[in-house]
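Peer 1: Grabbed the feature section from Swiss-Prot, which reads as follows:
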- 1-195: topological domain 'Cytoplasmic' (TOPO_DOM)
- His135: active site, proton acceptor (ACT_SITE)
- 196-214: transmembrane segment (TRANSMEM)
- 215-488: topological domain 'Lumenal' (TOPO_DOM)
- Asn238: N-linked glycosylation site (CARBOHYD)
- Asn252: N-linked glycosylation site (CARBOHYD)
- Asn353: N-linked glycosylation site (CARBOHYD)
- Asn397: N-linked glycosylation site (CARBOHYD)
Amino acid sequence: MKNEEEEPLSPMARVFQSPDIDLCAIINIGFKTKINPDVVLDALKQNVYKHPRFSSKLSENGEKWIETEVNVEDHVIVPYIDPEDICEGGQSFVDDYISRLTLIPLDRSRPLWDIHILNVKTSYAEAVGVIRFNHALADGMSFISLVLACTHKTSNPDMLSTAIPSVKRRSTVSHSLKKTGWFLTAIFTIGSTMRLIWNTLVDMFLLFATMLFLKDTKTPLKGGANVRSNPKTFYHRNISLDDIKLIKNAMNMTINDVLLGITQAALSSYLNRRYEHENNNEEDGVLTSYTNNLPDRIRFRAGCTVNLRSDIGFKPLAEMMVKDSKCRWGNYFSFIILPLSISLETDPLVYLNKSKAMMARTKHSYQAALTYFLIKISLKVLGAKATTSLFNQHLMNITTCVSNVMGPMEEISFNGHPVAYISPSSYGHSHALLIHYTSYAGEMTITITVDPTVIPDPHKICDDMEESLKTMKAVLWERGLLKEAYKV
């Protein structure tokens with residue numbers, strides 16, 4: 001019998017496993033070949049005990065991990081698939097299967113994860129593996145490190161997957177200022193510090209206001225009180241990562257800036273159509289043409305995940321598991337609130353400029369670190385129930401959440417099974433819309449998670465994102481800005 005050892009949960013893990021939230025990650029991985037279940041079982045039997053989170057269960061009070069025996073067969077599900085069930089298409093079957101999973105809770109008497117093998121051909125893959133686990137086990141960065149540790153390069157099966165380069169946080173002091181005299185440097189430092197303090201105070205005031213009373217505008221994308229208990233549906237689309245990098249270089253911004261600009265443009269277009277449809281219905285079926293159907297002064301905010309590790313690049317799994325590692329395993333991230341601009345712009349580059357300015361400001365604030373610290377203090381002072389209630393209220397009062405995770409740079413394979421795409425998301429949240437971006441092998445996968453009773457057509461949001469990317473690239477080309485970007 002395995003000795004039971006206990007380890008406390010991190011603050012974010014305690015929040016995520018709370019019955020009032022019970023946030024679960026669900027990762028849809030497409031493969032280019034059919035999946036051999038025996039290969040998956042053998043690999044898990046050899047490796048599951050190397051990772052304590054996947055061989056531990058929660059204590060009864062939800063505060064500690066307890067190591068336990070793992071019967072791998074209980075965690076790997078290979079459902080019988082009736083050919084008649086996929087007569088309308090494999091993609092529809094997989095989508096419905098994953099949607100039903102969001103209504104089935106994980107068994108808390110054993111480690112909080114399972115794997116579902118669906119040997120069904122879809123639009124993008126020959127077979128699909130669905131990995132589901134309680135978000136208390138890990139965040140997106142930790143999961144990708146686990147993927148890298150379990151896979152090999154498709155181009156060279158003898159080599160482990162390409163490690164993603166280590167990324168350091170950018171300095172807030174420009175190189176030109178470092179070369180100036182001490183007086184100008186001191187003036188800049190004082191001004192920058194004052195701005196940092198002011199931004200942090202404003203952000204924390206808005207955070208508390210959001211938890212207590214400040215709500216987003218009720219739009220066709222905002223869910224109601226029961227959205228958390230409704231089933232979720234998932235939709236994903238691949239776009240070119242090279243196109244995103246071209247725009248990034250041409251506009252002198254980051255990939256996150258570009259993705260946020262695309263998100264603002266796409267959601268503005270989608271909402272404009274939804275409002276047009278509602279206006280037309282209200283006029284007894286008389287169709288009218290509107291250029292701008294958006295209400296004035298829409299408050300539309302997104303929670304954005306922020307990695308709190310001092311080393312924000314990826315590290316080998318073994319290094320992440322070491323105590324006091326600068327890039328450690330777990331849920332070491334926090335949230336910031338981004339006020340998205342929902343408006344119709346004649347110049348699509350306006351969305352990019354707005355996102356760049358917004359992200360530059362958020363980087364000059366301690367909101368993320370303070371939010372994590374306050375959650376930690378609140379758990380000690382108020383307890384888990386009160387803390388999760390405040391956290392959930394904060395989520396309910398904003399409209400969506402957005403995240404971006406770097407994936408492997410080259411195509412990878414799991415024991416001879418080449419991976420076609422990686423599409424992560426989550427459920428258990430109080431939003432009708434969730435947006436995840438994941439890069440993999442030269443492509444960016446957009447994953448949209450929706451409550452279908454609120455958003456029946458998530459594919460149209462992806463259409464708008466794809467069209468926004470094309471439009472931005474075309475405008476930059478017309479203005480001659482992409483020619484310089486190609487040289488970078």
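Yeah, the Cβs are placed from backbone N, Cα and C, and that goes for glycine too.
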Peer 1: By a simple count of other Cβ atoms within 10 Å, which of Asn238, Asn252, Asn353, Asn397, the glycosylation sites in the record, is least packed?
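Peer 2: Looking at the glycosylation sites Asn238, Asn252, Asn353, Asn397, the Cβ with the fewest others within 10 Å is that of Asn252.
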Peer 1: What's the CA to CA span in angstrom from Asn238 (N-linked glycosylation site) over to His135 (active site, proton acceptor)?
Peer 2: 24
Peer 1: Can you tell me how far the Cα of Asn353 (N-linked glycosylation site) sits from the Cα of His135 (active site, proton acceptor), in Å?
Peer 2: 33
Peer 1: Between the Cα atoms of His135 (active site, proton acceptor) and Asn252 (N-linked glycosylation site), find the distance and write it as a whole number of Å.
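Peer 2: Rounded to a whole number, the Cα-Cα distance is 34 Å.
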Peer 1: Within 10 angstroms of the C-beta of His135 (active site, proton acceptor), what count of other C-beta atoms is obtained when all protein chains are considered?
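Peer 2: Step by step: centre on the Cβ of His135 (active site, proton acceptor), count other Cβ atoms within 10 Å, giving 25.
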Peer 1: Quick check for the class: what is the C-alpha distance, in angstrom and rounded, between Asn252 (N-linked glycosylation site) and Asn397 (N-linked glycosylation site)?
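Peer 2: Roughly 33 Å, rounded to the nearest whole number.
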Peer 1: Reduce the DSSP letter at Asn397 (N-linked glycosylation site) to three states and note it down.
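Peer 2: Coil, per DSSP.
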